[in-house]
Amino acid sequence: MMLTTNLGTHAAHADKVEVTPNPLGVEARSAILIDADSGQVLYAVNADKAYPPASMTKLMTEYLVLEEISAGRLSLTDMVTATKEAASIPPDGSQIYLAEGDQHSVKDLYMAMAVQSANDATIALADRIGGTEQGFVEKMNETAKALGLKSAHFTSATGLADTTVISASDLARFASILIKKHPEFLDFSKTPSYKFRERDKTAMVNLNWMLETNKSIPNFKQYAYPGVDGMKTGYIGSAGYCFTGTAKQGDLRLISVVMDTSSKSSRFVQTAKLFDYGFDNFEKKTIIAPKSVVETNKTVKIKKGVSKQVPIVTASDVSFLVKKNGTPNVTLSNVKLKEGGELVAPIASGTVVGTATYSYKDPDTGQSLNKTINLVTSEDVKKASWWRLMFRGLGSFISGLFKGIMDLF
């Protein structure tokens, strides 16, 4: 590991994902693999251009439903009445055959959307939240803008419209936001099957063939992948077969997106190529251990303390995802200390006094990443007694007076 010091500034992420060659032979119009935790791009092919995502659009719908629940405006037990629009979905798409006026819980409709990609369930939820699908679409676009998804333009809640577009890079980044903010999403996304109605003869089967739980199912076991627990498939003619997937092995979670593959099975085969590459070639490496000393800022000044300064250390570790057996070049790019580096006693050990930012530039993609951690005091500093402060002040006065006299000569 190499660590250098450079107190210039670095962007947290590259604005554009570099289009890489395709040594893995990923057969997709667009593809990307990222670290879910940091957003670091591990592999990308034509990932910045926006294409129709088909039913992967529903990831935004699922996100907004969970946002409503989190805000207390909706609950999983609330009943939703199917609108005429929800009951009028074309028969050739995935659906649960809602009739106008049918009532189902938010949970059941969400499950139908997450497991079976049911378009009518999606519209029913969109109508409940947005008043109409168009009202909901406005929320989708507002949210995309707020989250910085610059390539995203939504025209439907389902993705059936080919006028909805988003890039693979934005979709992967959004998927990371979704599972960070709403980890409960994965509880729905990883459900292998779900019976929507008691009278239904068969349960809905998850369209994600890669779920690890499929390893014992004859039709799917060849696609089941260790650690896969989400996220969303998609298909319309103009989009081809698409898939946003996520898998976790050990402490590493990856997110992949493939757009416009040739078949239902190919989208999972191409995703497996990406996951294999990520898990086989990368590891999280601790660059800075907790309680490490920052060489450029070993102490901060303390006012009115028994000591005039106190040692500071890192509060946590700094880790980056790097090539296995690699030697990452990490830079200390910025240090910020509270109140210009001066604090007032008493100060307890572990008091946050500033931050340190470390930067890493991926040698393969050129992407720059920052990790900012807190700097904390490593020991207590008691407040000095009044007589000590008095004599300290007197000493400073005499020293200043003597210096002033010497400056006259």
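Placement of Cβ uses the backbone N, Cα and C atoms for every residue, glycine included.
Database features (TrEMBL):
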| type | residues | note |
| --- | --- | --- |
| ACT_SITE | SER55 | active site, acyl-ester intermediate |
| ACT_SITE | LYS58 | active site, proton acceptor |
| ACT_SITE | SER117 | active site |
| BINDING | LYS232 | substrate binding site |
| DOMAIN | 282-383 | domain 'Peptidase S11 D-Ala-D-Ala carboxypeptidase A C-terminal' |
Same-chain residues at least 6 apart in sequence whose Cβ lies under 8 Å from SER117 (active site): SER55, LYS58, SER94, LEU207, LYS232, THR233, GLY234
Segment-level pLDDT (mean, integer) for the domain 'Peptidase S11 D-Ala-D-Ala carboxypeptidase A C-terminal' (282-383): 87
Secondary structure at LYS58 (active site, proton acceptor), reduced by DSSP to three states: helix
For LYS232 (substrate binding site), the number of other Cβ atoms found within 10 Å of its own Cβ: 28
